[in-house]
Amino acid sequence: MSVTTPRRETSLLSRALRATAAAATAVVATVALAAPAQAANPYERGPNPTESMLEARSGPFSVSEERASRFGADGFGGGTIYYPRENNTYGAIAISPGYTGTQSSIAWLGERIASHGFVVIAIDTNTTLDQPDSRARQLNAALDYMLTDASSAVRNRIDASRLAVMGHSMGGGGTLRLASQRPDLKAAIPLTPWHLNKSWRDITVPTLIIGAEYDTIASVTLHSKPFYNSIPSPTDKAYLELDGASHFAPNITNKTIGMYSVAWLKRFVDEDTRYTQFLCPGPRTGLLSDVEEYRSTCPF
């Protein structure tokens, strides 16, 4: 018959305690390893980005369209809403055309951005001659329309806490104005912007300004660069100047505008740091590049 001595009992107890401690440590380690996955960005949408994916004419999401009738739109001239078909919630962006322009001049950008996981409205303004501050009010009205008056297919896909604006020319000026009035916006992207006001020191919204080297209507010397310089440095901001481009570069499909607009919106509307790699340090400039100049307040 086997007899267990007090010393052996102590040894067995020590082994049991060590085994329990080891098991507990393993559980803690497993939980710690799983924690990053559980704490993943809830706004992250789509696959890991690549340069070729961002340069393509469309992104990973299939897109549907909805017409916003001029007669049903309150405060702006109607437009077209582009949204991902996949059921989920997304940030929402309103885009304004420039002076004398219509939504057709920015339609390519609306559809392209939507294909990367956003709900986008490309608007018509009340008149094609509307000035920048009027366009700011209309961009704001368009955001409200998507949240309250669009179909349920659109409304149910929008995260109302993640809104942004874009615009070309005077629409870009309107974008700056609205960004100065609505600090709750997540991002602003003025495209070859025009505005008589040159100082935007009250903007705290992350802002990407895209200018054009050969713009003779809103020259970068008188518009884009002073706008960028006036935004206070604590604000996340970037300035990208298109090489050899004119004022109307945003009116036709442009891979550089598309790529960096999407990257900016992903980084700041979706808080998706996977896109920081395209903004910091940013694109190559100079010979054989589509970008004449790039500067920013990196790191973001």
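Quick reminder: no glycine exception, Cβ is built from N, Cα and C everywhere.
If you check Swiss-Prot, you get these features:
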- 1-39: signal peptide (SIGNAL)
- Y99, M170, W194: poly(ethylene terephthalate) binding site (BINDING)
- S169: active site, nucleophile (ACT_SITE)
- E213, D243, E292: Ca(2+) binding site (BINDING)
- D215: active site, charge relay system (ACT_SITE)
- H247: active site, charge relay system (ACT_SITE)
- C280-C298: disulfide bond (DISULFID)
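The two recorded residues, Y99 (poly(ethylene terephthalate) binding site) and C298 (disulfide bond), have Cα atoms 32 Å apart. Nearest Cα neighbour of S169 (active site, nucleophile) among the listed recorded positions (E213, H247, C280, C298): H247. Residue density at D243 (Ca(2+) binding site): 17 other Cβ atoms are found within 10 A of its Cβ, drawing on all protein chains shown. Rounded to a whole number, the C-alpha distance linking E213 (Ca(2+) binding site) with H247 (active site, charge relay system) is 9 angstrom. When Cβ atoms from all protein chains are considered, those within 10 Å of H247 (active site, charge relay system) total 21, not counting its own. For the recorded site, M170 (poly(ethylene terephthalate) binding site), the DSSP three-state label reads helix. Comparing C298 (disulfide bond) with W194 (poly(ethylene terephthalate) binding site), their Cα atoms are 25 Å apart once rounded. Taking the centre of the Cβ atoms of Y99, M170, W194 as the poly(ethylene terephthalate) site, the nearby residues of that chain (Cβ within 8 Å, site residues left out) are G98, Q131, P132, R135, S169, G171, G172, G173, P193, H195, I217, A218. In this structure, the CA atom of E292 (Ca(2+) binding site) is 13 Å away from the CA atom of D215 (active site, charge relay system).
Here the candidates are the recorded positions D215, D243, H247, and by Cα distance the one nearest M170 (poly(ethylene terephthalate) binding site) turns out to be H247.
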